[in-house]
Amino acid sequence: MKRLGLAALYIGSALAWPEPHGPPSRNVPRDDFPMFNPLPSTDLNTRLIRCEYPSMKGWTYSNKKNGDWLKYVGSKPGEITEYNIDTDNDKYVPQGITRKYHLEVTDESVNMDGTMFDQAKVFNKQYPGPWIQITVTNKLKHNGTAIHWHGIRMMENMFNDGVPGVTQCPIPPGSSMTYRFKASQYGSSWYHSHYSLQYADGLFGPMTIHGPTSAGYDKAVDPLLMTDHLHSSAFEEYHKELEGKPPAMDSIILNGKGDYDQTGDLKKKYRTVLKPGKKYLLRLINTSVATTFVFSIDGHKFQVVGSDFVPIEPYVTDHIAVGIGQRYHVILEGLSEEEAKKNGRYWVRTTPAKGCSKFAPGRGTDDRTGVIYYNKDDGVSPTTEIGAFSLDCRDEPLEKLVPKVKWTVPDPGLNMVGAFEKPADVQLGKWHRPGYPDTDNLVSNWEFGPSPMWINYSEPIIKNLDKDSFPSTWVVYPADDYVNDKWVYLVITGKKLKPLSSQVAVAHPIHLHGHDFVLLQQSMEPWDSTEVNLKLDNPPRREVTLLPAGGFIVIAFKPDNPGSWLLHCHIAWHASAGLALQVLERKEDLKALTLNNPDFDFMQENCRKWDAWHSDKTNYWNPSGHFQDDSGV
């Protein structure tokens, strides 16, 4: 994973690999460059990663006192000679190495429960597989933070889902939190802050979990992150959403590069070189604030082999609409040598979908955000044209998204008629924000029916499981009376919205935490419970889908993961304005998971730290104002 220059927060990662399967030691003289092990774990069976800085000749590891890290001992000192706890890492960061971790999938004999199992499939010859841990250190001044690992199921592990006010209190400035989870899925996704509008300011990055694909390829290309960008902080622009006039984005970015002035300067474009006749895996990730993109490469077609974290039967297309939070794995087949000689340069396009974007006047019109060259990057601009295809804001056709692993969903039958009569309606309204004087002007809000979401950072629901009821602004939907062989069915409608109005996108990207859901029906027509036509035999499966404004979706999931799972619109302005709810799944089982659980204990300690920080108003950006001005998520 390459650093794309998108993060506004220092994220340090430490991966714990049980012996004997840790990264191998490198046979390099210790005085050549800094190379050392961090302080060992208290668990003697765990070995931490080795820290390596091969480009930092003349530096050495320094541990004379607490807080030391690196010290320059060479003969040509530069601007800085030490990296320690007092170093401003907004300005100075030691240059380490790019790390890649590989998992081997093998057949093994494993004794899990006292009986030998001869047909086990395991990672790195061990069961369970290697344990991944990520430590996040908050060095912001006026904000807490929490990091969400988008699409990771967090099976029986709600504590690490990273949603402040739901799964944890925010990490206060000066504190750290280690997220622990098992990667049981594979594909590509992203991690991002779920604290208010932080990710809109750049707090996100890509992640890939390697695994099989449903079609072959020769090489993989780095993750392609397509996003929209504001030149001012989203926190400063948010008032426009409250006033009914959503902020306009300034430019389109692909992998950290954009051309705001739309000059066509190739230095401002993403560029890569391909070989004719080779097949390349592209990992497409939409990390936008408010834009659905249509991805294409002039003159090329590709096979789609995965949607979100779900491998699918391959199909061929020349373009693909990618909603916010959605991901696709596609395989691009390079042109033949003869074709490549005729024209060795092609535009990569991330085109804003019709009705699902808003840019400042004259901005966001140049969708040529990248170039692929054949054999050599000669620095010359392509002259290719965009293909003749639809730029509508809609999901890929459901009949094309066929999961490789087939699921058959039970027919909800007559028992669900009552539930189908009470769908969750996406509504646009006005309200007085909690904690604000009633004399304040009404502001715009979004909601899934009963109330806009407005969480309490100091009282996440995980701390309040003994309560029988919750504040209406927490928007809690209980899912208690289910067992593993039953399903939860949800109908979400946008029937009260008017598409293409000043504040309504043509489609809302709806994301569910903690689960893959099946998409049983999706329509641009108004919801009518008497005309239900569900696809129950191997329906599309993912965790983000587009809800058409004026239409509806019917989704379902297995209630096999106790937790309180956020369901929200991934248009950042809409989530901040309240368009979210939480599904409280199997509350009693969730309570049992909190017993003797170090993650639950850490959550409580982190909340105490948060409360101490939050109680001092001098820590606020505006000490005399309101600390919270949006939903919190």
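Using the three backbone atoms N, Cα and C, a Cβ is placed for every residue, glycine included.
Here Swiss-Prot annotates a disulfide bond for Cys607; of Cys169, Cys356, the partner residue is Cys169.
Residues Cys569, His574 are given by Swiss-Prot as Cu cation 4 binders; from His300, His319, His329, His508, that same site also lists His508. Going by what Swiss-Prot states, the Cu cation 2 site holds His150, His192, and the candidate of His515, His570, His614 recorded there is His570.
The Cu cation 3 site recorded in Swiss-Prot comprises His513, His568 together with one of His194, His229, namely His194.
In this structure, of the binding-site residues His513, His568, His570, the smallest number of CB atoms within 10 A of the CB marks His570.
Sequence-distant neighbours of Asn456 (N-linked glycosylation site) (same chain, 6+ residues apart, CB-CB distance under 8 A): Gly165, Pro471, Trp474, Gly632. With respect to Cβ neighbours within 10 Å, the recorded positions Cys169, Cys569, Cys607 differ, and Cys607 shows the lowest count.
The recorded positions close to His194 (Cu cation 3 binding site), defined as a CA atom within 10 A of its CA, are His148 out of Asn143, His148, His508, Cys569, His574, Cys607.
Close to Cys569 (Cu cation 4 binding site), meaning Cα to Cα within 10 A, are the following recorded positions out of Asn143, His150, Cys169, Asn286, His511: His511. Report note: the Cu cation 3 site is defined by His194, His513, His568, and the residues of the same chain whose CB lies within 8 Å of the CB centroid of those residues, excluding them, are His148, Asp161, Val163, Val166, His511, Leu566, Leu567, Ala575, Ala580, Val633.
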